[in-house]
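These notes concern the structure reproduced below.
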Amino acid sequence: GWGWMIVAGCFLVTICTRAVTRCISIFFVEFQAYFGQDYARTAWIHSIVDCATMLCAPLGSLISNHVSCQVGIMLGGLLASTGLILSSFATSLEHLYLSLGVLTGLGFALCYSPAIAMVGKYFNKKKALAYGIAMSGSGIGTFILAPVVQLLIEQFSWRGALLILGGFVLNLCVCGALMRPIALKEDCKTAPEFLGQDYVLEARKRDLKRMSICSPLIKAWSHECLCYCSWKEYDFLLMPGFMVLAVSVLFMAYGCSPLFVYLVPYALSVGVSHHQAAFLMSILGVIDIIGNITFGWLTDRRCLKKHRHFCYLFAVGMDGLCCLFLPVLQNFPLLVPFSFTFGYFDGAYVTLIPVVTADVVGTSSLSSALGVVCFLHAIPYLVSPPVAGWLVDTTGSYTASFLLCGFSMIFSSMLLCFATLAKKIKRTHLQSLTNTGTKQHIWTNGAIAYSVTAELDQKDVEFLAVDTNSYSNR
């Protein structure tokens, strides 16, 4: 039953990390007016926050795997809160780059991916629904925090608003306390089979003589075992399915980031009031919640569970189409439907990212894989808002920026679609070969080898039996 407490903790983590990051765009106009800088230089603040969060995500996974998920999230909460508090005393954009960008982003990185990975470890059958509820914190937080942050800026200026947000983010320490560790059977399979039990026992005896307080892992495992386990933790990087997903994520991340930075400035540029612009972010956040939960529930159904990849790429493609139509929406009544549509599909694919990743790499490698997936967001998140700002400064309009975002997300969706179709065609071809001849007798050194191709859990597994007593999966 503690799994639902993990969901609640992850829900609060997404509020304190992703929702707060989105609401930084509300400070965009205030920073630009106070420091007298252009779009491109001001956009670096949001870019560095997102980049640091994603770039340091593997560090969060590393601390979670080898120290404790609770320690990592609590440490991240302290760093993020310190960064926001120091940002309230900023005297230049460079100050904000370091405090609000690097320090706060590093704190968010230590919290975000470990919390998401914990949900995947506690849930199996209702994994997509659990992720939908947990990830809906981003939408709920945006809905609540967007107007609250605007009100705080009006009452206490941007400095006071950042100071209050710094205190609010300290709740990440409470979230970290909820993350009770769990041991999975997959996690116990870390000893290399080729070393043998005798070697492992001898390695333990040797290393017990070289105990060190600074390196508790060396107490039980030899250097060879530790190197093997470290490699085994990231062996999914060589999987073709993960490689395609990684490239797709790069283009998707480039397309989605600028909109959260420039939606409010774009709305203000077409004559929408400040409160209406903040309300657009609130609408986006509320519909994001519906997308999180409904898509999580739908993809857990038996009819759609086998087609999660297609649901994910459909949601990404729809967000890309929304970006393409945004330049022609130049008043508040037209921007409201955009916020509804974009917010829904944004919540949909955000929910499915960890689910699709788990389907590709498995539960045992989920924490490390999510760290890598978040890491892949770093460069697009760093580059895309300044590039979009440069296009706005150069062309004098937002059209080129939004078109580039839309085409990037559509390409991401098409790339993953073609890869998935190719995999299904290959699987169908293998099944046809299996139907024509299911057994091949091969005589080698007096032993009979049976090569049988079968489908197990939507994956092609070839069973090779060298003799009647030894079996290995390849």
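Positions of Cβ are set from backbone N, Cα and C atoms, glycine also.
Bear in mind that the values here come from a model prediction, so they are computed numbers and not experimental data.
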Open item on the list: I'm validating the feature mapping. Which of 13-35, 335-357 is tagged transmembrane segment in TrEMBL?
Closed with: 335-357
- [ ] Scan 71-90, 451-470 against TrEMBL and say which stretch is down as transmembrane segment.
- [x] 71-90
- [ ] State the residues, same chain only, that lie 6 or more residues beyond the ends of the transmembrane segment (398-422) and have a CB under 8 A from a CB inside it; answer 'none' if no residue qualifies.
- [x] 241, 244-245, 247-252, 254-256, 258-259, 262, 266, 269, 309-310, 312-314, 316-317, 319-324, 326-327, 384, 387-389, 391-392
Task: Tertiary contacts of the transmembrane segment (96-117), as residues 6+ beyond its ends and Cβ separation under 8 Å - done: 9-10, 13-14, 16-18, 21, 24, 31, 44-45, 47-57, 59-61, 63-64, 69, 72-73, 75-84, 86-87, 90, 131, 134-135, 162, 169, 172, 175-176, 179, 354, 366-367, 370-371, 374
Open item on the list: Can you tell me which recorded stretch out of 43-64, 71-90, 129-153, 369-392 has the most Cβ pairs within less than 8 Å of the transmembrane segment (277-298)?
Closed with: 129-153
Task: Recorded stretch, among 43-64, 71-90, 242-265, 310-329, 335-357, maximising Cβ pairs under 8 Å relative to the transmembrane segment (129-153) - done: 335-357
Task: Stretch of maximal Cβ-Cβ contact with the transmembrane segment (71-90) [cut-off: under 8 Å; candidates 43-64, 159-179, 310-329, 335-357, 369-392] - done: 159-179
